[in-house]
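Peer 1: For 12-29, the entry in TrEMBL reads transmembrane segment. The feature domain 'Sulfotransferase' is assigned by TrEMBL to 91-335. The active site, for sulfotransferase activity annotation in TrEMBL covers Lys100. Annotation source TrEMBL lists 3'-phosphoadenylyl sulfate binding site at Lys100, Gly101, Gly102, Thr103, Arg104, Arg183, Ser191, Tyr293, Lys309, Gly310, Arg311, Ile312, His313. As annotated by TrEMBL, disulfide bond applies to Cys294-Cys304.
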Amino acid sequence: MLFKQQALLRQKLFVLGSLAIGSLLYLVARVGSLDRLQPVCPIESRLPPHDLPDQIHLRTLQFKRGLLHELRKGNATKEQIRLHNLVQQLPRAIIIGVRKGGTRALLEMLNLHPAVVKASQEIHFFDNDQNYARGIDWYREKMPFSFPHQITIEKSPAYFITEEVPERIFKMNSSIKLLIIVREPTTRAVSDYTQVLEGKERKNKTYHKFEKLAIDANTCEVNTKYKAVRTSIYTKHLERWLKYFPVEQFHIVDGDRLITDPLPELQLVERFLNLPSRISQYNLYFNATRGFYCLRFNIVFNKCLAGSKGRIHPEVDPSVLAKLRKFFHPFNQKFYQITGRTFNWP
């Protein structure tokens, strides 16, 4: 009986010993495999870098559509502002023009980028003497709240054609990045006229036909005193800006292409602003009813531009359009030469 009990005990000890040795061998093998993997895939490489300014944290994305929205409505508290390290920053980039070139579309599309925060309204600080007299602190207070690593951008298309603006912006920030969005000059002039015409019609007022405004009745030549024509002479305005800023600080956006194929244009702007590439085709979808691309921020939040975008232009005498295109041609060639960007304009 005693012999059987001893044999059974030896058998149990053998099994337990085998299990212990097996477990030990497994652990040794496992540690060895981890050691071999360590140089290939260190733990640090699987964690997001915390010291890079282009890393956009999840909470930034949340607050960009949440807390920052509340701040614009005036609902956020000073404690929330302090807690999340939110600031009102002067713009590091400005869309300075051109009117009816697509400035609003460009601003809204750039706002898709998590590192960009837009000023919702046109501030008109540099082109308005009364606003400018209020000082730079007043201007800063008009800027949206943002995180320190984000870039604030505003747009006021009147900046491009107003004589005092280049010097005023230079005094604020001589290294600021400047965005100019242009369309084919004749098309832009007609679009400019169309917007004014619509405003007159809403007030039940009459307005001259485009042909009468664009062509001088006495000389039968293009009327350069007409603002819509004068604005489309891009090179004349740009030359004034180049007295203060080098051409490298300007980026020219193709407004016509932004309508038909926006992503490549936005990627060029990302590169110009030294932003990591974040805007993708997912963020842009074509609205066949509107005839424009709409914006998709995430799975629940979409946005289309205002209904005023894409107004139908009135019929214009083809001979007047031809005269305008011929008039703009030499200015366009000079614009291509200065900026280094060529467009398929007539």
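Just so you know, glycine gets a Cβ as well, placed from its N, Cα and C.
Any TrEMBL annotation is an automated prediction that lacks curation.
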Peer 1: To the nearest whole angstrom, state the Cα distance for the pair Arg311 (3'-phosphoadenylyl sulfate binding site) and Cys294 (disulfide bond).
Peer 2: 16
Peer 1: Have a look around Cys294 (disulfide bond) and count the other CB atoms within 10 A of its CB, chains all included.
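Peer 2: Result for Cys294 (disulfide bond): 15 other Cβ atoms within 10 Å.
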Peer 1: Among all protein chains shown, how many Cβ atoms are found within 10 Å of the Cβ of Cys304 (disulfide bond), not counting that one?
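Peer 2: Result for Cys304 (disulfide bond): 15 neighbouring Cβ atoms inside 10 Å.
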Peer 1: Report the nearest neighbour of Cys304 (disulfide bond) in space among the binding-site residues Gly102, Ser191, His313, comparing Cα positions.
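Peer 2: Answer for the nearest of the binding-site residues: Gly102.
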Peer 1: Output, ordered by sequence, the same-chain residues six or more apart from Ser191 (3'-phosphoadenylyl sulfate binding site) with a CB under 8 Å from its CB, or 'none'.
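Peer 2: Within the chain, Ser191 (3'-phosphoadenylyl sulfate binding site) has Cβ neighbours under 8 Å at Lys100, Arg183, Arg311, His313.
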Peer 1: How long is the line from the C-alpha of Cys294 (disulfide bond) to the C-alpha of Arg104 (3'-phosphoadenylyl sulfate binding site), rounded to the nearest angstrom?
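Peer 2: A Cα-Cα distance of 13 Å.
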Peer 1: Other Cβ atoms within 10 Å is the metric here; tell me which of the recorded positions Lys100, Arg104, His313 scores highest.
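Peer 2: Per the Cβ count, the most surrounded site is Lys100.
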